[in-house]
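Data first, discussion second: the structure below is written as structure tokens.
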Amino acid sequence: MIGEVGETKECQLKDPMDLFHSGQVVKICAPMVRYSKLAFRTLVRKYNCDLCYTPMIVAADFVRSAKARDSEFTTNKGDHPLIVQFAAKEAQVLCDAARIICPFADGIDLNCGCPQRWAISEGYGACLINKPELVKDMVRHVRNQIEKPKFSVSIKIRIHEDLKRTVDLCQKAEAAGVSWITVHGRSIEERHQPVHYDAIKIIKQSMSIPIVANGDIKTLKDAESVHHLTEADGIMVARGLLANPAMFAGYEETPFQCIQDWVDIALEHGTPFTCFHHHLMYMMERITSKQEKKVFNVLSSTSAVLDYLNDHYGV
């Protein structure tokens, strides 16, 4: 039933902006390094996820190298609506990447939130929140150069200690034609501190474009509560979906059917063993004992994993 619902919605709403105008909170799978690839996107779409992002791709490498394009980006007909997230620091490079991706995706997102040292030292990610004019310029360039009318251009940001600066950044991006903004409610320095949902609400109230809330959302109840607290138009989830890809369909923990679906999809897509295994480790975290984890987490081949799942869970 859940699969059927997902498929019907997918056929009706391919344009991300239609989702934001549907009157429903948009349920979004976050860009996750190594994890939000095609096979996993296929899985979460079966369980009521409305919109998926690719992992972050460095735009300069993507433009320069066919090898990078082949290894970093795969998609198929059912993989919509899809947003490709890029790390970029030059407007024209971002435009060139957007032009390459345009026939295969529904929009691009500029990463202005990654707090990792390597990204910031290269001029990517969260350091861009301190360069509002550059962000504005990048958004405007893509807007002017991509002729596909419904192609979206969004940004994902962290917040400043002084929220006025964040509101200023968002308003500049809006003036340049940004489609929506995802706000991770922490500053660059904050890692595991509580998320500032109040800050997301202030940003939402200062803007006329859709705002997506991100940070520490683990269950559908959390998503509803964060929507209530922030008034955001969408909810983006990362680790919560890794732990339970069926979260948006209302499951409290990963159902066995979802594990079965992952096995089928991953094998069909030829997912590398490490990725296949890691996803299962996340999904089974809440439903396996310590003893079972000790055994399962050290399995070293697809056949060993399949045997284990069959013997213990009938999967």
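Using the three backbone atoms N, Cα and C, a Cβ is placed for every residue, glycine included.
Straight from TrEMBL, the features:
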ACT_SITE  C114  active site, proton donor
BINDING   P31, M32, V33, Q85, H184, A238, R239  FMN binding site
DOMAIN    29-292  domain 'DUS-like FMN-binding'
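Features per TrEMBL, on structure.
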residue	record	Cβ within 10 Å
P31	FMN binding site	25
M32	FMN binding site	19
V33	FMN binding site	10
Q85	FMN binding site	25
C114	active site, proton donor	22
H184	FMN binding site	26
A238	FMN binding site	21
R239	FMN binding site	14
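The full span of the recorded FMN binding residues, P31, M32, V33, Q85, H184, A238, R239, taken as their largest Cα to Cα distance, is 17 Å. The two recorded residues R239 (FMN binding site) and C114 (active site, proton donor) have their Cα atoms spaced 15 Å from each other. Confidence across the domain 'DUS-like FMN-binding' (29-292), taken as the mean pLDDT and rounded to a whole number, stands at 97. Between V33 (FMN binding site) and C114 (active site, proton donor), the C-alpha separation comes to 11 Å.
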